[in-house]
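Sequence annotations record features per position, and here TrEMBL assigns ATP binding site to Gly106, Ser107, Thr108, Gly109, Ser110, Gly111, Lys112, Thr113. The domain 'Kinesin motor' annotation in TrEMBL covers 14-349.
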Amino acid sequence: MPSIRAPATKQTATLMVAVKCRPLTDLERLRSRNIIQVTDDKSVVVLDPDLSKDYLDRIQNRTKEKRYNFDHAFGPECTNLDVYQRISSTIAGVIQGLNATVFAYGSTGSGKTYTMVGTHQDPGLMVLSLHTIFNLIKKDKSSDVFEVSCSYLEVYNEVIYDLLVKSSGHLELREDPEHGIIVAGLRNIKVQSADKILELLHIGNSRRKTESTEVNATSSRSHAVLEIMVRRTRRNQYGSQVLRGKLALVDLAGSERASETNIAGQKLRDGANINRSLLALANCINALGKQQKKGLAYVPYRNSKLTRILKDGLSGNSRTVMVATISPADDQYHHTVNTLKYADRAKEIKTEIHKNIGTVDTHVEDYKRMIDNLKVEVCRLREELAEKESQLTLKPAERAANEELSLLDVLSRETSENVQERINLQKALFELEETNTRNRIELQQLDDAIAKQQVIERDGTVVHALRSRRQVILDNIRDNDEAGTGYQKEIEINEKHRCQLQSMIDEAINSKGNKTYLHILSQYRLLGMANAELQFEMAIRDQVIHNQKEAQRNMWNMLMGLGLDQKCLMDLAAKEGITIEDSTTPLIKGSPFLHHTTLSPHSSCAQYPGKSTIVPTTSFLMTIHHIRR
């Protein structure tokens, strides 16, 4: 299955809003007048329908005249093709893996279905979009493989039906973590041409719910959504890359007033459900507009199935076009103003768009990794083959000498690995003992704190917390001791292995002809390994000396902080045989060293450092205690 991965960068796009005004019908010309004026292809002026107002009313701003500016505005003389030419760039991005949404919004009888579906003489946006997609695919000169499929559904009374299935049952919405909102059980049909989709569109429209009202003879009683999915497969040396684009074309049902349409019964209930879903859409548009102006705002997508279907188009990964259709008749003034008001708010909505890119079978990185591994393997095999061929051409004496050196190289390499393993074990053991030293110091401090606290309260909360911490420290010390014992055993095993390797090296030297040369080469390599061990021990010894100096510096600062006389401390230290170096500047040139323990290369501390601590004599501490008293 292909996996779709969003790229690291996204582009922000603003929802495009276009307004289309239909011409007056023959009946409207007899009883109504035109109140819509379109100027500069962007501005819409709604005139006051009340002609009885005089000049004074108009200059005192009591007029109902409204002015709006949009991305595009089209007067009654414009065709659907004029509208489409302004928004066609949004449609063209579908074959490049982008999503696009086009929906018509307006009151009943304002020309939404005419704009989206159109007629044979004036094709609608749905028909023109389909021809554009297949024309772009036909003109594409690459070797990419295109697959186009479509689905057609309607939302009637908050129930979803499949218009491409005869007698469709109720369908449910699902939220997929990868593909977003999907309709479970919706039929997707693969198509090869725009004519095939138009045929399916005609079949779906024949099954769509329509009724006749006093406002509109063919009023749509449901919302229809036509989705076109374009799957583009690109083949290269690493695998197949997939681009998935989706075009959603939405024809909404129109809002209506029962007092104007004079409907009752089922038609009245249908109208109420239409108004409810359109109100939910209007609330989402309002919330999204506020979100861009004032910050975070709750968007009630779940109030209607229509808004859940349009979620990606309104705020998700989609370039969206809203076509607001209005009537120029003066008796439709309130519907026109409401439509333009929501269209004006929709201009503030922004969406995040990115290409839907995926790969089939194996990702490109996996292919690259496999190719690199194979190249390394080929180079290794070539080197082995060249080595075998060179050995076949060597003389017997040279071959024997090379075998001697090869054996010695193998033993030396194993000895080097053995030394490195021993260094790592000693380092780990050193770190464990350092940790246990700190744990024991903290344990002593906890014991003192528990003893002091028990005098105040025997089994209080503080005592309980200190005891819990003391138990944790004890567990850590026990675990570290067990791990240290394991390291000691591994060091012993490592030492035995080292002795075996040395014996094998000595045996190889004694059994070969050129003993002097091999012996010198062996000693040179063993001395290099011994040098590495000595450098490690010196580093550990330097660390121990640094820790001792830190401890002495802290002890000296503590004694000086008690307010004791410096000369008295010097005399007491001299009596106890403790040397105090540079006592005048303990914090700059180094703290005074209280020498009570020594460190020799043959001691256990040198082999497993970290065990020694600097402790002043008991009599020295008791004398200091007596002076303080």
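FYI, residue positions are counted from 1 along the chain as it appears here.
Here the Cβ of each residue, glycine as well, is placed from N, Cα and C on the backbone.
Summarising the environment of Lys112 (ATP binding site), the number of other Cβ atoms within 10 Å of its Cβ, over all protein chains shown, is 26. Most other Cβ atoms within 10 A: among the binding-site residues Gly106, Gly109, Gly111, that distinction falls to Gly106.
Non-local neighbourhood of Ser107 (ATP binding site): Gly254, Ser255, Glu256, Ile326, Ser327, Gln332, His335, Thr336, Asn338, Thr339, each in the same chain, at least six residues away, with C-beta under 8 Å from its C-beta. Within 10 Å of the C-beta atom of Ser110 (ATP binding site) sit 28 other C-beta atoms, taking all shown protein chains into account. Taken together, the residues of the domain 'Kinesin motor' (14-349) have an average pLDDT of 86.
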